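The domain 'CRAL-TRIO' annotation in TrEMBL covers 74-216. The region 'Disordered' annotation in TrEMBL covers 233-252, 259-287. Among the features that TrEMBL reports, compositional bias 'Basic and acidic residues' is placed at 242-252, 276-287. The compositional bias 'Polar residues' annotation in TrEMBL covers 261-275. Look at TrEMBL and you will find 302-420 tagged as domain 'MSP'. The transmembrane segment annotation in TrEMBL covers 468-492.
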Amino acid sequence: YLLDKSDKYDSRDVERLQQDDKWVENYLIWRHDVVDDTLKMIDESFQWRKEYAVNDLSESVLPKWLFENGALFLHGYDKEGYKLFWFRVKHHTKDPKQQLEKKKLVAFWLEHYAKRDHGKPLTVVFDMAETGISHIDLDFVRFIVNCFTNYYPNFLTKIVIFEMPWIMNAAFKIVKGWLGPGAISMLKFTNKSDVQEYINGEYLPPHMGGTDSFKYSYPPLVDDDFQTPLCENGPITSEDEHESKEEIEADTKETAELNEEQNLNQKKMNSVEQISKSEETDKTEIKPKNAKKALSTFKGPLLHISPAEELYFGSKETGEKKCLIVLTNVTKNIVAFKVRTTAPEKYRVKPSNSSCEPGTSLDIIVSLHGGFAASLQDRFLIMAAEMDQSSGAGVPELTQFWKEVPRTKVMEHRLRCHVVESSKPSSLMLKENAFNIPAKTNEDLHIQLTHLLQINKRLQEQIDRCLWFQQLSVVLSLLSVTVVAFCFYLAYSQSS
């Protein structure tokens, strides 16, 4: 494909494909590990990406009225923690002259989210309240469906359709045909009484029976609705006021011990990385049984951040309420950072607005207030930007710095929350949490479930074929018996 069609691909996509194993794996999963089908999908996807200039889509190249219209946007999460991609059908009108620009808006949102959240799947919501014939646009719906089935592999969890008018029943029978048998199960037809089976009321607007007061407007670009930074020690509640000096000193001591342990483990890791795989295999037997694995790390241009994707909290039963974020400054300048969250009333962050010296690491402790529990919908945003060496690092200087720094120079990284149900202390303690990789993440489970569904589908196809052959055999047998009986009847009639 590369030799024959290199001019039809964006070189950035080809380079990413050669480096991003996760991307390749998603294509394979979506095409049931059939390599030929996967190659065809990548070929079709890459040609589409270049045709729509997906890598270059931005707010500046799309008409402003598209964003102001409010027909398409990302906001909120479903019960499984997947981002919601809203299509407010009543704001859409069919117009062939505007169709290409509207399709590019869909591509913009999907690419914007895929790059920002590392390809974590989406849930599509077709809000069809107050819609009629004038809003029916099967070509546009087909494009949205094609984006998930042909261009963005393994990117769709489900399609929630809210209050579909009866007049569109026939139209959505056609949509089912586009999705194919494997994806039809992703369609969820809902109304006000059952939509909360998939989405909590906190992320549903009032007309859908929810309590979300969110009102779409542009600008700015709709994001995760991160709240303002927490204060230096996090919000204080009456329960937290009872925290004693001894507890604070214990936290400090624990963090210091944790830093020493982390440094020791880091040195061990660096020495192990220099050993070849064969030697590494031999030496695993010599390592102590309690040796800890390094947590996955996001390597940004300014900061390396551990963990890379998720903060692990315990459930109400397990009770663990603390997590550690480790920031490492990889620049030659001071890096200012601040932490935002979608649920500031729940969490206490120490520190939440500070700076990190060149080449050093800094620990951020995130703790839950008493009475609160972590949720899959909770998110954290870490923002970082380089400061001049001459700038001060006090609170007034940082406040002024964040007011003046251009958005283009700000590095952003998002972390999700994960609730650990297991009561194993090794996976819940703060110290262990700093070094252990959890056995299974939501994405791992999602991939395993996808594999199981694929195997189930293949078994079902085999059973269907067996039943078909069985029915055919029965019909042929009956036909043979009938022919033989008829022959005997003819022979008997002639002899008579």
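Placement of Cβ uses the backbone N, Cα and C atoms for every residue, glycine included.
Only residues 6 or more beyond the boundaries of the transmembrane segment (468-492), in the same chain, are considered here, and none has a CB under 8 A from a CB of the stretch. Residue counts for the domain 'CRAL-TRIO' (74-216) by DSSP state, with H, G and I taken as helix and E and B as strand, are 67 helix, 27 strand, 49 coil. The DSSP breakdown of the domain 'MSP' (302-420) into helical (H, G, I), extended (E, B) and coil residues amounts to 13 helix, 60 strand, 46 coil. Mean model confidence for the domain 'MSP' (302-420) is a pLDDT of 84.
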